[in-house]
């Protein structure tokens, strides 16, 4: 007797398939995920705090303090971009410089802070910012356990590159906690929609 096995397709897979067939770029299908334009980023990641980049001694003296998301976003105009990890290729050579090199243009548009966040500890982020000579232009934060990216559904398993669980490559413009613009690359290795010039033109 012949039998047929029906494979159930999840809504997320269907959305991805639709996005691909329609030629949607920049992760636009993520408007159906937890974070999207109109999302309150603080409410979407309840209880999440980030770790501002610092030396080990600064961490000890501050008793390893963290920064709640409301302190970062509420009452402010913020451009934030996330990337797979400190010291990696595209992140170091293209992503961070694309913001550092035009920081004056962001300030001219009334942006209070430009923030880089990655699933790294704050000590690694501090050393990396110094190496890139970017700490005076950009605020660097560690999401050491990936809590922010998991809450926003922007996490990514990059074990194939020996990075473990990291994040997508993305950018957002957030005003008083509300996401006004969101760009997500189709793959973490891509650098098409998350750069500084792109989001500058969207503000």
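Going from the start of the chain as shown, residues are counted 1 onward.
Including glycine, each Cβ sits where the backbone N, Cα and C put it.
Per-residue confidence over the domain 'Thioredoxin' (39-203) averages out at a pLDDT of 91. What TrEMBL lists as domain 'Thioredoxin' is 39-203.
Marked as active site, cysteine sulfenic acid (-SOH) intermediate by TrEMBL: 91. Around the Cβ of residue 91 (active site, cysteine sulfenic acid (-SOH) intermediate), the same chain contributes 83, 84, 85, 118, 169, each under 8 angstroms and 6 or more positions distant in sequence.
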